[in-house]
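Worksheet: one structure, shown below.
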Ligand SMILES: Nc1nc2c(c(=O)[nH]1)N[C@H]1C(S)=C(S)[C@@H](COP(=O)(O)O)O[C@H]1N2
Ligand SMILES: [Mo]
């Protein structure tokens, strides 16, 4: 049957309402395509912040406190669900409006859609768990929606923007078909993306729920109480919170292995291969250890370092279960995403706290830090030891194998170089004469015995030290500026330099060396002014 010739349409619908209704539908489909492309990508790239929930976070912040209280009081634990529905309805209404407006005047609807994309990007970027990926996804969503909207509305105009005397029905059949095919294509696109997003989010949400529901067992061997932070504003807390812990890896997409199907295999030069499930690992006698992780790429004074309380099971115990064959001198650990690190076997067997970590600061490992299991080996840079999303330990030799970064020019052995850092003042900061200087120092495996600071070319003066949290953790230091300067410092420009000495009596190296190939060294100096 030919639709144009049909006479069954309701009379009032066609001229007055058909245009705006179709424009609204265009808006819905365009925004649907945009948002769903963002959601689908974010299921892999940044599950915690999708374009839609970034917009949602802005809306929650925008709601006045009493409205939020009212919602929580009336919907209880359903408030998230109610909010999710409300947010989608609002977005859908905005999408319809964008379609209708775009049909009235070119650029208005497209502008509205882009504005929502930018809002989502800004919201995603400003979230503590956000950053560039959610920002990019917000922009992408807005751009896709804008382009689709512009195309759909152009085709709708071509069909419907006939002289006023003509009705929709008398318009050109070709224009109508062109519009309807674009509309149909968009609808199919929305359907495919919706199914894909549901599948992807379902899988990731399942693992996230498993992670959230996970109750870590109490350690068999607990770490002592952490030292309390000295009352010096601006120096890092002794325990680095997981969400501000530096993150370094080659993963474009944060791997999220299913903890139920995750396996750790021990292979290579062993008497028998061993395979372990996550549940089996959790059932082992776990130990808690405070360890300061450091990246080999950390520049002098850099921030690729953090201290956390790790919960895990010693690697040496697992190696003992497998039985290491004579001749092996390295364990090549592999991540689910293919990253590898070659760790000296000795470092895993000499009694240091080299563990298969499942917990970080009392919580299951965050996805970005290796959930469900990573390695932590005190005294070695991360690239040769700290494999996240761990899945295999191959007992082997340095002659036969090498980790990811070794063919790329980094040293096969990566012992951490002892060092120290000034956190207060920041470079170029202006201080009052009564300011307190401070920072951190580390010598994993040895411990920090003393820290000294020097103002300009003055004498080295002993800094005060924070509590001793063990040889594998950094130590905080601080000293009032006036004490460091040996008197009230003069107004104007100064520098402060820091150095540390380990419990073995060895001071940090003063050689200025860049990170490649085996870690930076040299003293950290910071310029500041006294006002
Ligand atoms: N799977 C995987 N694990 C990895 C890496 C990586 O790229 N992929 N990088 C390593 C490096 S170089 C460092 S410094 C530490 C950083 O750990 P963090 O991101 O938890 O701070 O992880 C190590 N483990
Ligand atoms: Mo690193």
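Counting begins at 1 with the first residue displayed.
Yeah, the Cβs are placed from backbone N, Cα and C, and that goes for glycine too.
Quantities reported herein were computed from a predicted structural model and do not represent experimental measurements.
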Quick one: which of 179-200, 201-222 does TrEMBL have down as transmembrane segment?
179-200
How do the residues of the domain 'Oxidoreductase molybdopterin-binding' (254-402) split into helix, strand and coil according to DSSP?
24 helix, 60 strand, 65 coil
Is the transmembrane segment (21-45) in contact with the transmembrane segment (108-125), using at least 3 Cβ pairs under 8 Å (sequence separation of 6 or more) as the test?
yes
Taking a Cβ cut-off under 8 Å, which residues six or more beyond the ends of the transmembrane segment (21-45) line up next to it in the same chain?
13, 51-52, 91-92, 94-100, 102-103, 109, 113, 116-117, 120, 133-134, 137-138, 140-146, 148-149, 152-153, 156, 160, 179, 183, 186-187, 189-190, 193-194, 196-197, 200-201, 203-204, 252-254
Can you tell me which parts of the same chain pack against the transmembrane segment (137-158), counting only residues 6+ beyond its ends and a CB-CB cutoff under 8 A?
19, 22-23, 26-27, 29-31, 33-35, 37-38, 41-42, 45-46, 50-51, 54, 95, 98-99, 102-103, 106, 109-110, 113-125, 175, 178-179, 182-183, 186
Segment confidence, the domain 'Oxidoreductase molybdopterin-binding' (254-402), expressed as mean pLDDT:
96
Which residue counts does DSSP give the region 'Disordered' (503-531) for helix, strand and coil?
0 helix, 10 strand, 19 coil
Residues of the parent chain within Cβ reach of the transmembrane segment (81-101), under 8 Å, 6 or more residues beyond its termini:
20, 23-28, 30-32, 35, 52, 55-56, 59-60, 71, 75, 108-110, 112-113, 116, 145, 149, 152-153
